[in-house]
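S.K.: Provided herewith is a single structure, encoded as structure tokens, for subsequent inquiry.
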Amino acid sequence: MDAPLVNESVEFQESQESLSLLEASKQLDLKKIQNLVDQGAVTSAIDIESGKNALHFIASYAEKETEVQAIEVTKWILSNGGVWNGIDRANETPGCIARRRNLLRLYETIVDAGVRSELLLSLLERKELTNEQLDTNEKYLQSALSYTQPTEDSSSLLDSDANAVMMSWERKIMHRSAEIIAPTKGRRVLNVGFGLGIIDTFLQEKEPSLHVIIEPHPDVLKHMRKNGWMDRENVIVYETTWENAINDIASKYVFDGIYYDAFAESYEDLRNFFDSVVGLLDPETDSKFSFFNGLGADNQTFYDVYKKLVPIDLVSFGLQCTYESMPVSSKDEEWKGAKRRYWDVSKYFLPIVTFDF
């Protein structure tokens, strides 16, 4: 599941006032920064050589004894156009630097700013599904997928651009997720996105009374047929997108457990699915919903922003979210053949979503 966060800073030949603002940021000099902004400096300016903006420099030069001062300056810059998620030449956000330097209160200030920013951004974008996202989904469904084996004991599913759709190192996550949404045998379960079939295999071990799978990609469906999934007892496969299947499913079934792991979809798509969860979960049982929480997982700051954002969004649907943390790791050789790593954090936060009553 894709979850890009905007991380652009203004990059051009900065004015002298803006360059002076960057220097003042190193000194945590709020009054000087305010005066420079009055003179035309922009808080989103970056140092061309390092790629750092004012918030990067604050996080780099603040110390424990000046952290309160750094937070004050950071809040002012953020409220006056500062970029919380700019990435420097070292591939770090201001939050990454603060966290690395153990300035945890400053880090939380930046993360909270990210949450507010993403809430506002999602409200603006929610008015219409962009053509770009529709094109991304369509491109994925038309691309050729390949099942690969990077190492003797690992497997991957890659798209035609070598993007990893699913990898076997996720097995530990999927096993625990299956235990959460189907703690006992005989449950009614729904999974969106088959991939390598990891969680569906674990769910089958629970002998569900109903097991609905939504999978739109023709290559994955071919793989499922080859391995007999269409013929399994109590398994129903919808060979389409969840958006196309959801009304029919909702008219026929309710579930004790739901899992979502759709590839080539954005956070906004996931948020739209939250609305469907309300009508699909059985309110009369201890029903639970979960999803693969890879939101922003190529960067710790982004991951923590989404960790806070999801529960806030779920409240509006009458749902509540808690997290169960678990260490995860993957070997470098397991990523062989994949274009980029979509996972670069050491701890997984497994979302457990229930009705808020």
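For all residues, glycine too, the Cβ spot is worked out from N, Cα and C.
Swiss-Prot lists these features:
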DOMAIN    130-357  domain 'RMT2'
BINDING   TYR140, MET174, PHE194, GLY195, LEU196, GLY197, ILE198, ILE199, GLU215, PRO216, HIS217, TRP242, GLU243, ASP261  S-adenosyl-L-methionine binding site
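Please go over these features one by one and say how buried each is and what sits next to it.
M.R.: Note on the domain 'RMT2' (130-357): its mean pLDDT in the predicted model is 93.
In the three-state DSSP scheme, HIS217 (S-adenosyl-L-methionine binding site) falls into the coil class. With a cut-off of 8 Å between CB atoms and residues at least 6 apart in sequence, the same chain places TYR140, LEU141, LEU145 near HIS217 (S-adenosyl-L-methionine binding site), listed in sequence order.
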S.K.: Mind giving me a neighbour count for LEU196 (S-adenosyl-L-methionine binding site)? Other Cβ atoms within 10 Å of its Cβ, every protein chain shown.
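M.R.: The Cβ of LEU196 (S-adenosyl-L-methionine binding site) has 20 Cβ neighbours within 10 Å.
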S.K.: With the cut-off set at 10 Å between Cβ atoms, which of these binding-site residues ends up with the most neighbours? Options: GLU215, GLU243.
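M.R.: Counting Cβ neighbours within 10 Å, the top one is GLU215.
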